[in-house]
Amino acid sequence: MPPMTLTLGRVFGIAIRVNIGWALIALLIAWSLATGAFPTLYEGLPEQLYWWMAIAGVIGLAVSILLHELSHSLVGRLFGIEVETITLFMFGGAAQMTEEPTEPKAEMIMAAAGPAMSLVLAAAFEFASRATAGMSEPMSAVLGYLALLNLVLAIFNLIPAFPMDGGRVLRGAIWQVTGNLRKATGIASRAGSIFGWILSGLGLLLILAGAFVGGLWWILIGQFIRMAALGAFQQSEMKRIFEGRTLDELMTREVETVDAAITLEDFIRDHLFTSHHRLYPVMRDGRLAGTIGIDEIREKSQDTRRQLTVGEAMTPLAESPTLRAGCDAMEALQMMQKSERSRFLVVQDGALKGLITLKDLLDHLQVRSELAGD
Ligand SMILES: [Zn+2]
């Protein structure tokens, strides 16, 4: 789970999470509604009532975003794409898919399902707002606000900027026409990037025109979209290149090993100072026994380094960073990110097969990506 995220509960087996950033934005929206929008539009109501209206508005907004994301998720499920979690972020929500759509039609329909839900909600809230207009002004006002918000949500998400919904529809369409997912992702994310710059440019104009806070928001959202587009492209490239490729193909087979019987002093002089790796496999009687690196030595005094053997100071195999030879490259990369370690032994049935580093994976990614060209 990303930091500062809280699980609220489960709907249709999907975990619903909220990010602390969203909670802060929600507070900000409630405050601006209670002290700005509602008192200006509907004068003469008690101050406390404005706050209740604002709270109802923010809850309605959260439910609207949730329904938008659920709509993506449940339609995805029809196409066999499982969504495990929905996280409410700063600018809406994100459904975490375990896999990407495998056909363009699924991509297009799944992406369109969210904005479609927002449009339906906008119409429903507008209808409810008009129906309650004669009965209760505050209720009608909140419902009207939610109608407008859902309309904005639908339109904003339909902008053809990958990885936003409209960008996904665009990618699906290009994919359908060209039959080339890589090309489609490239074009759709470039559109996302360009759109991010346009928003930022408009923000700058707003600032020059004197609307500082509004302009800053546009720049922020623009840059957020630009980064998301870039990240989504890299992520999809990574998946394309790494999926189905095992460590067996990518690992280094010639690995420098260390004998468990030598002293730490010898290890430092003969291995650490000559090859400068962060982690070495330790062999005892021809069998893999554990790992040793700077971390195991750093705290030891000169005297201890002269007396202690590598076998005594090493991290035993069970606690060492290891991966299976049949492990997927994508899985290995996630493992490296999660554990914040960049060097893993590749092991099969307790025997050392090779070594894989983050640099190996990234180099491989770069070479293949450049070879594919565009
Ligand atoms: Zn969406």
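Note: Cβ is positioned from N, Cα and C throughout, glycine not excepted.
Within its own chain, the transmembrane segment (12-34) has Cβ neighbours under 8 Å at 1-2, 4-6, 50-51, 53-55, 57-58, 61-62, 66, 70, 73-74, 83-90, 95, 145, counting only residues six or more beyond its boundaries. Look at TrEMBL and you will find 12-34 (among others) tagged as transmembrane segment.
The transmembrane segment feature in TrEMBL is assigned to 49-67 (among others).
Following the DSSP three-state reduction, the secondary structure of His72 (Zn(2+) binding site) is helix. Every protein chain considered, the tally of other Cβ atoms within 10 Å of the Cβ of His72 (Zn(2+) binding site) stands at 27. Residues or ranges marked as Zn(2+) binding site in TrEMBL: His68, His72, Asp165.
The active site annotation in TrEMBL covers Glu69. Just so you know, the Cβ of Glu69 (active site) picks up 26 other Cβ atoms within 10 Å once every protein chain is counted.
The feature transmembrane segment is assigned by TrEMBL to 74-96 (among others).
If you look up TrEMBL, you'll see 108-128 (among others) marked as transmembrane segment.
According to TrEMBL, the feature transmembrane segment maps to 140-162 (among others). Here the transmembrane segment (140-162) has Cβ contacts under 8 Å with residues 33, 37-38, 41-42, 53, 56-57, 60-61, 64-65, 68, 92, 114-116, 118-119, 121-126, 128-130, 132-133, 168-171, 185, 188-189, 191-196, 225, 229, 232-233 of the same chain, all six or more residues outside its ends.
Sequence annotations record features per position, and here TrEMBL assigns transmembrane segment to 194-220 (among others). Outside the transmembrane segment (194-220), and at least 6 residues removed from its termini, the chain residues within Cβ reach (under 8 Å) are 159-161, 226-227, 229.
Annotated domain 'CBS' per TrEMBL: 314-374, in sequence order.
His68 (Zn(2+) binding site) has a Cβ environment of 26 other Cβ atoms inside 10 Å. Around the Cβ of Asp165 (Zn(2+) binding site), a 10 Å sphere holds 27 further Cβ atoms from the protein chains shown.
Annotation note: Asp165 (Zn(2+) binding site) sits in a helical segment as assigned by DSSP.
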